[in-house]
């Protein structure tokens, strides 16, 4: 099926923060752009400028100074379908430059998403974009495919949602899935807040993007939070400077590790929830006693929010403290984990055994959107 570019399947990982899209069988996504739709805040005065009423992705990012930026996907759930359609349209026609009606399309979603969300996704794919076939896969399961395992527990932390999914011999264990609506975007908001304490004010949607960049470039996870706070208070060795787009230079110190510490202590942002190390442990404890050993030995990290330096060591330390003392614990943090969901999708969609799993246009016409629950796990 994948010999020719004509009928290659498309893989589109719609994250809350980034869309990763490309062709099945490739080893990396061709298009990676922010899931943003921007609309002008001001009246257009120059005629013939070809101004649009909305901008998508990188174009919205580059004109962000005059736009209001909105993310149509919040916490992994699509909240604005009109904007989402714009993003898909942009993905197919501008980024990949393909006609969706010629390619089967694999989409991804977070586990424990509302059922209506997948149905509407299915409906738009078949009715608006006329795809010949489609499938909706769970993100964390794809990450496991990408790491070459069939057993393990995935911690998938993106921009909108973090979840732990234990998979045993290729089966996800739905009763043990843990979902935490705390992820990259919440960390960005928290960083905006604690930078205000230093006297740097960031308020607009465009300035939030600057803070996101600061977060991605300078934040790290401390192995021991209290010690690190003491070090930061007594010396300036942890301080780093960052140049804003207008040339101002700001200095940040303990904010560098206070921001991602929220993942381990959600009470920092007022969330009454266990940290990611505890949800991972709780998820393993909900699984059958016989398979826990294999899960402890295969903790796979995936998603952009697991890209902080030091996060793997910290997870190792925290889970070791919770688990039985004789247990062997291994955290797997592949360097390409930012895209591992997409890579897993690319692997899945190009398997010969997967070809009968697609939902075809014909099946959709017969059964309607609810077919997605029967055919996609």
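Heads up, the Cβ atoms here are built off N, Cα and C, so glycines get one too.
Note that the structure is a prediction, hence the values are computed from the model and not measured.
Marked as N-acetylcysteine by Swiss-Prot on the basis of similarity to another entry: 2.
Sequence annotations record features per position, and here Swiss-Prot assigns N-acetylaspartate to 3.
The methionine (R)-sulfoxide annotation in Swiss-Prot covers 46 (among others) and rests on similarity to another entry.
Residues or ranges marked as methionine (R)-sulfoxide by Swiss-Prot on the basis of similarity to another entry: 49 (among others).
In the three-state DSSP reading, residue 75 (tele-methylhistidine) counts as coil. Using a 10 Å radius centred on the Cβ of residue 75 (tele-methylhistidine) and all shown protein chains, the other Cβ atoms total 20. The tele-methylhistidine feature in Swiss-Prot is assigned to 75; the stated evidence is similarity to another entry.
Listed in sequence order, 37, 54, 56 are the same-chain residues at least 6 apart in sequence whose CB falls under 8 Å from the CB of residue 86 (N6-methyllysine). Annotation source Swiss-Prot lists N6-methyllysine at 86, citing similarity to another entry.
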